[in-house]
Amino acid sequence: MAPKGSCKQQSEEDLLLQDFSRNLSAKSSALFFGNAFIVSAIPIWLYWRIWHMDLIQSAVLYSVMTLVSTYLVAFAYKNVKFVLKHKVAQKREDAVSKEVTRKLSEADNRKMSRKEKDERILWKKNEVADYEATTFSIFYNNTLFLVVVIVASFFILKNFNPTVNYILSISASSGLIALLSTGSK
């Protein structure tokens, strides 16, 4: 049986590894899929009102393409977030360290071990990096998706049948951002 100190150290290591893993929490997954669904459903209005594709007759097509696009956009969110999180953490490290050290010196008069201070700084740095990477990932991918949908729909595929235009523009847009998100830079 492992000593209690070993179990505590193992749980701290697990928490640290969890911060740097590609796995998303349930909250992040819900946020990503919720945003991806909304952004993927926006082009329905465009095709219903401008391209005159009937909502009822095209409901199955709209549903299938929205679900496929939702998955690909959420995949892009996750990939971009993972790449950005480490870059943001490195850039924000000094500022977060100063802020946490200042707050600890103001609020805590008791002596805190150096290890505990470092853990709090690391936790705060990861929290800030996670938040900033998440928001930027959503903004970047939403913007790119909607711009590509509009360009594809109105300029590249303008002479196609509206149904084909919808299928190609949505699949190309979501596929492109999913593909671009797999890059490491």
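Each Cβ is built from the backbone N, Cα and C atoms, and glycine gets one as well.
Taken straight from Swiss-Prot:
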type	residues	note
MOD_RES	MET1	N-acetylmethionine
MOD_RES	SER11	phosphoserine
MOD_RES	SER105	phosphoserine
TOPO_DOM	1-27	topological domain 'Lumenal'
TOPO_DOM	49-54	topological domain 'Cytoplasmic'
TOPO_DOM	77-135	topological domain 'Lumenal'
TOPO_DOM	158-163	topological domain 'Cytoplasmic'
TRANSMEM	28-48	transmembrane segment
TRANSMEM	55-76	transmembrane segment
TRANSMEM	136-157	transmembrane segment
TRANSMEM	164-184	transmembrane segment
Long-range environment of the transmembrane segment (28-48) - Cβ separation under 8 angstroms, sequence gap at least 6: 54-55, 58, 62, 65-67, 69-71, 73-74, 77-78, 81, 134, 138, 141-142, 145-146, 149-150, 153, 162, 165-166, 169-170, 174
Contacting positions for the topological domain 'Cytoplasmic' (49-54) when only residues 6+ beyond its ends and CB under 8 Å are counted: 153, 162-163, 165-166
Beyond the flanks of the topological domain 'Cytoplasmic' (158-163) by at least 6 residues, Cβ under 8 Å: 47, 51-53, 58, 61
Mean of pLDDT values spanning the topological domain 'Cytoplasmic' (49-54): 95
Residues in the topological domain 'Cytoplasmic' (49-54) grouped by DSSP into helix, strand and remaining coil: 1 helix, 0 strand, 5 coil
Secondary structure of SER105 (phosphoserine) (DSSP, helix/strand/coil): helix
